[in-house]
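Participant: So that we are looking at the same thing, I have put the structure below in C-alpha cells.
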Amino acid sequence: MQPVLELKGISKSFPGVKALSGAALRVYPGKVMALVGENGAGKSTMMKVLTGIYTRDTGTVHYLGKEVIFSGPRSSQEAGIGIIHQELNLIPQLTIAENIFLGREFVNKFGAIDWRKMYQEADRLLKKLNLSYSSHRLVAELSIGDQQMVEIAKVLSFKSKVIIMDEPTDALTDTETESLFRVIYELKSQRCGIVYISHRLREIFEICDDVTVFRDGQFIGEKSVKELKEETLIEMMVGRKLEDQYPRLNLPRGKKRLEVKQISGPGVTNASFSLYSGEILGISGLMGAGRTELMKIIYGALPKTQGQITLDGTPIVIRNPQDGLACGIVYISEDRKRDGLVLGMSIKDNMSLTALRYFSNRLGGLNHKEEQNAVSDFIKLFSIKTPSMGQVIGLLSGGNQQKVAIARGLMTRPKVLILDEPTRGVDVGAKKEIYQLINQFKKEGLSIILVSSEMPEVIGMSDRILVMCEGQISGEFFAEQATQEILMAAAVGKQYGAIQE
C-alpha cells in the first residue's frame, strides 16, 4: 500500500540542540499510525516541520505522491493535512458552525454571509461523524469530548486526507474516549490517514494499526501493532529493558498514621480505611467511582457530611484545604494544569507557593536565599530538567511539571501525601523516575495514598489496595493477592472478601 504522506530523512537543529536527525514517518490511507516516544523525542518538532511551522534542514515530504513544501499551517491545512491540538482552539461564545467556518464563511451573491448554507454544511459534517446535535449550539454548552468532535468536523471541512491527533484523550472521560474511537473508525472507513500521538499505550494497542517510534530525535522503527507486545514497545521508546518498571519496596510498615471512619460527602458513602507510616495505599476503581471525591473530602476540598478523620491518634477537623495543609495532609491533583500549577509562573514560585511560611524571617519578610536553596535542592533531588529555577513552568514537559507539583507538596513537610493520577500524561521514562521518588518518600516514613486508573501501576507500587465502586469501598487487598481481574471485579461491584487488619 502506498502511503498518503511520507517524511524521510528529516533533520532539524536549533542552537545547541539537534531536535531531529534522519527522522521518518509514513501514514497510510484508512489506517491509524501511532507516533510514540518519550517527552523530547522529537514528535512535536516533526509535526511542526510537516506543517511548515519549522523549516527542515534536510529531508523530504511527499504528500499524495508529490514532494511538497508547506509555508505554514494554513497552506498544509488547505492541502488537506489537519491537526487537532492538545489544547483546543475554539471560541466558546460562537456556535459550532461559526467555529467550523470561522474566516471561511459562505457568501451569497449580494456579498452577505449565507447563514443557511453554513449551518447546512456544518450539520452535514456532524452527521458524517454520526453526531446528533445541531450546529446552532454554542461551543460553551459542549463537554470537552464534544468540543473535540467539533475540532474534527472543522478539520474535515478542509477535505483533509490526513488528520493528526495530539494526545486526543488527555482531558476525556472513558465514555468520551469511546465516542472518539467510534469517530476514528468512521474516519478510517472514509480512507483518512490518521497520526495518533499518545503516551497511553493501552489506547495505541486498541485503536492503532501501526506504530512509529522516535527516540532522541531519531527514527527507531515502524511496526504493526499486531506484531508488538507492550514491553517491546516500551524498550524501543526508552532504549533499555523495563522489567523493573514498578520498583516496589517491601518494607515493614510503621504505626497507624491516618484513620478514616464512616466518611460521607459528595459522591462518597460510608468510607472507612486506615493508612500507616511508610505505607503506599493504592486506590483503584472505574471513572466516577468516587476516588477523587474521597481524597478531596479528606484534604478539605469537598465538604464532609458525616464521619471522623483521625491523624496520629487525634481526631481532626478539616473544613478546607488550608486546614488539610496545616494538619500535614497534601493533595497533588490529577489535573495539575487546573488545580495544581500556575503555568505562567516560574518553577521557583510554583514550588514554594504553599510553603512560604517556612521561609519567612522574624520581620515577616521572605528569606529569599533560603527559598532559593530549598528549590535548588528539590530540583537536584527530583532530577527536574530545566535551564534554571526561573524557567516558566508551562515550558516544561509533563513529567517535569508533575515533579514540580510533587516537590511543592513535600515543601510543606507533610505526614500524608495523596497522589491523584501522578503519572497521567507522563512518558514511560519519567514514570519510572516518579516511582523511584515515591519509594524514597516511603523509606523516609511518609504515608502515601496512590490513586490511579492504571491497574498495573496500582498493583506494582502499592502495599495494600482499596477498590471503590459507586462511592463505596468495595474491596481491600494486599498487593500480593491482587490481580487485574480481581480489582476489576471489585470495581464493578462483585464482592470479594476484604482483608482483615
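A Cβ is built for glycine as well, from the same backbone N, Cα and C atoms used for every other residue.
Pasting the relevant annotations from Swiss-Prot:
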DOMAIN    5-241  domain 'ABC transporter 1'
BINDING   G37, E38, N39, G40, A41, G42, K43, S44  ATP binding site
DOMAIN    249-495  domain 'ABC transporter 2'
Participant: If you count, for each of the binding-site residues G37, G40, G42, the other Cβ atoms lying within 10 Å of its Cβ, which residue has the minimum?
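Facilitator: Among the binding-site residues G37, G40, G42, the sparsest Cβ neighbourhood within 10 Å belongs to G40.
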Participant: Name the secondary structure element type, per DSSP in three states, that contains K43 (ATP binding site).
Facilitator: helix
Participant: Do you know the mean pLDDT across the domain 'ABC transporter 2' (249-495)?
Facilitator: 88
Participant: Can you tell which of E38, A41, K43, S44 has the least company, meaning the fewest other C-beta atoms within 10 angstroms of its C-beta, among these binding-site residues?
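Facilitator: Each of the binding-site residues E38, A41, K43, S44 was scored; lowest Cβ tally within 10 Å is S44.
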Participant: Could you say whether, by DSSP, E38 (ATP binding site) belongs to a helix, a strand or a coil region?
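Facilitator: The three-state answer is coil.
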